[in-house]
Amino acid sequence: VLSASDKTNLKAAWDKLGGQAANYGAEALERTFASFPTTKTYFPHFDLSPGSAQVKGHGKKVADALTKAVGSLDDLPGALSALSDLHAHKLRVDPVNFKLLSHCLLVTLASHHPADFTPAVHASLDKFLATVSTVLTSKYR
């Protein structure tokens, strides 16, 4: 459960991303594909080379979903319900992949905002991404 402090940290951290959220989403995907090559199997129709339009496009989708989630911290299941259905029933993404992408997103954010990535912010972002992952996999049951 996200505390009031976590919610404050998340909103402040997300505000600092500014217009870079989509770029960070794409970079996190690139890190995921490079570090965990099996994740590429879900994108056989994509050009997965760094900087490709398709990776950038999907990175924007990831960033937009997380931005929506940050704006709906009190109702993440409601905010992410359609996305959960999509990943569980249509795309059938292995739940472990959400954890892998979450890790790569944390690395990406820390590399671009080291001064802002305090232990408290890191913990709040980690809890948030774990909660988002749990919500996205809730329809698998």
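Just so it is clear, glycine is given a Cβ too, placed from its N, Cα and C backbone atoms.
Copied over from Swiss-Prot, here are the features:
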type    : residues : note
BINDING : H58      : O2 binding site
BINDING : H87      : heme b binding site
DOMAIN  : 1-141    : domain 'Globin'
MOD_RES : S3       : phosphoserine
MOD_RES : K7       : N6-succinyllysine
MOD_RES : T8       : phosphothreonine
MOD_RES : K11      : N6-succinyllysine
MOD_RES : K16      : N6-acetyllysine
MOD_RES : S35      : phosphoserine
MOD_RES : K40      : N6-succinyllysine
MOD_RES : S49      : phosphoserine
MOD_RES : S102     : phosphoserine
MOD_RES : S124     : phosphoserine
MOD_RES : T134     : phosphothreonine
MOD_RES : S138     : phosphoserine
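Distribution of Swiss-Prot features across the structure.
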residue	record	Cβ contacts under 8 Å, 6 or more apart
S3	phosphoserine	none
K7	N6-succinyllysine	L73
K11	N6-succinyllysine	V70, L73
K16	N6-acetyllysine	H113, D116
K40	N6-succinyllysine	F33, L48
S49	phosphoserine	V55
H58	O2 binding site	G25, A26, L29, F43, F46
H87	heme b binding site	V93, L136, T137, K139
S102	phosphoserine	D126, L129, A130, V132, S133
S124	phosphoserine	L2, S5, D6, N9, L10, A13
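Note on proximity: among T8, T134, S138, the modified residues of the record, the Cα nearest S35 (phosphoserine) is that of T134. Taken residue by residue, the domain 'Globin' (1-141) breaks down under DSSP into 109 helix, 0 strand, 32 coil.
You'll find the Cα of S138 (phosphoserine) roughly 25 Å from the Cα of T8 (phosphothreonine). Separation of the C-alpha atoms of T8 (phosphothreonine) and T134 (phosphothreonine): 21 Å, rounded to the nearest whole number. Counting every protein chain shown, the Cβ of T134 (phosphothreonine) has 14 other Cβ atoms within 10 Å.
Of all Cβ atoms in the protein chains displayed, 15 besides its own lie within 10 Å of the Cβ of S138 (phosphoserine).
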